[in-house]
Structure formats: structure tokens, C-alpha cells
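Straight from Swiss-Prot, the features:
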- 64-85: region 'Disordered' (REGION)
- 79-137: domain 'TCP' (DOMAIN)
- 192-209: domain 'R' (DOMAIN)
Amino acid sequence: HLPQVSSSLHSRAATSVVDLNGNEIQLHDMLSGHYLTTANAPVLESTALFNNNNNFNHDVVNGLNRDPSPTFPTKQAVKKDRHSKIYTSQGPRDRRVRLSIGIARKFFDLQEMLGFDKPSKTLDWLLTKSKTAIKELVQSKSTKSNSSSPCDDCEEVVSVDSENVTDHSKGKSLKANNKCKEAMDSHQAAAKESRAKARARARERTKEKMCIKQLNEAIVLRNHQFEVSGTREAFVHPVFGFHQQNYGNTSHENWDQSNFASQSNQLCAIL
């Protein structure tokens, strides 16, 4: 038989546990505290609410209308997007654009080279430099849309418009060609007139030169004849004296007159 344990030990064992080190843990105290909190929880909540209501009423009576929002926490307001949207044909678009790493590096390198402080200025510069490419793209898009239209009537209208445009362009080109031809003809006519006048002036100059040359030759020939006649008179014997000399002088004078008459006739024929 086991030895009987005293009642004091039994009651003690019911309310305590002995651990390995000999210390006693009071289970009754732990459980009693738990039961107290659970049993008195509704009472505590009601008293807390009553106290809050009393404080609120007291503040209203005293003239302090405080906001009871601290007692009831509210949700924080969601931050609105301060960037406005842009409405396009594809719908609203955000003004902010996300770039890849490589494109972002190139973009900011270009911005540093240009010396701009805002990315929008860099984009504006790029758009202005690519105006011709944008125009070509718009024209290609418009031609594609016109060519891909399913309506036959629309195609006929487009073809008629293109024919009218081609005819109009041909008419303009013909007018321009006619104007160019008229200008060329007038220029050529003026050039022909100037050349004809130049040739006439050249002929006149040559005639004058020929006349002067012939006169000079005639003068030289006459001087030579005078010299020859003077030497002949020195060798002639004065057989008849004065009559012979007068005959020689009259003969020379008659020859010179006939020579000058012939030369004048030639000059008149040339002129």
C-alpha cells in the first residue's frame, strides 16, 4: 500500500505544480487572472464608451465642439494623379512616358549636348528636326487609307481627283514651258540683233580702214612719181629750153589727175 498523503499536501497539489528545480508555479493565480479578464471584458468596454460619451457631452456643454474623429479612425484619402490626361484617337493617354534603359541614356545624352533643362524641350527639338519625315509618314498613311477604301465609288472619285490633279499639273507645266520658250525666243532675238549690229559696225570699220589704206598708197605713189620725174629732168638736155620743160610738167600733171580720178572712183565703188 502507498502511504497516504496529508490533506494539506493534496490541497496544495491541486493548486500548484512543483517544477524540477523545486519552485512552485501557482496555477490558480494564472487561471483566476484569465477568468477575470474574460468575464469582465463587456463591462470594461461599456464603461469605456460611457466615459467617452460623458467627456464628449462635457465638451459640448462647455462650448468646446471638438471633432470626435480621433476616437473613430478613418481611412486615408487616396492621392490623386496630378498629371492631366491627354485625349487622343486611341483614348486618354498619360503624359508620363516610361523609357527603356538604352533609350533613356541616349535621350539624356542628347539633352546634355543641347543644354536643355527639361525633357519636353528636347522632344520639341527632335520633333522640329523630323518634320519632313513626319510629313512623308502622314502622306503615306493618307495614300494607304485612300487605296485601301472598300467603296468603288470612293476609288473612282479618288481616281478622278488624281486625273484632275495630273491635268492641272500638266497645264501648269505647259504654261511654264511656254513662258520659258517665249523668254528664250526674246533673248535669242535680242542676241541676233546685237550680233547683226556688231557685224555692220565691223563692216564700216573695215571700209574706213580700206579707204585710209588706199589713200596712203596713192600718196606714196605720187611722191615716188615726183621723185622719178625730177631725176629725168636733170638728165634731159635743154634743146628747146622752156617749151620742153613745160611739156614735161603738163604731162606729169595730167597723169596725176587721171590717177586720182581712178582712185576716187574705186573708193566710191567700195563705199
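Just so it is clear, glycine is given a Cβ too, placed from its N, Cα and C backbone atoms.
Averaged across the domain 'TCP' (79-137), the predicted model reaches a pLDDT of 87. Look at the domain 'TCP' (79-137): DSSP puts its residues at 32 helix, 8 strand, 19 coil.
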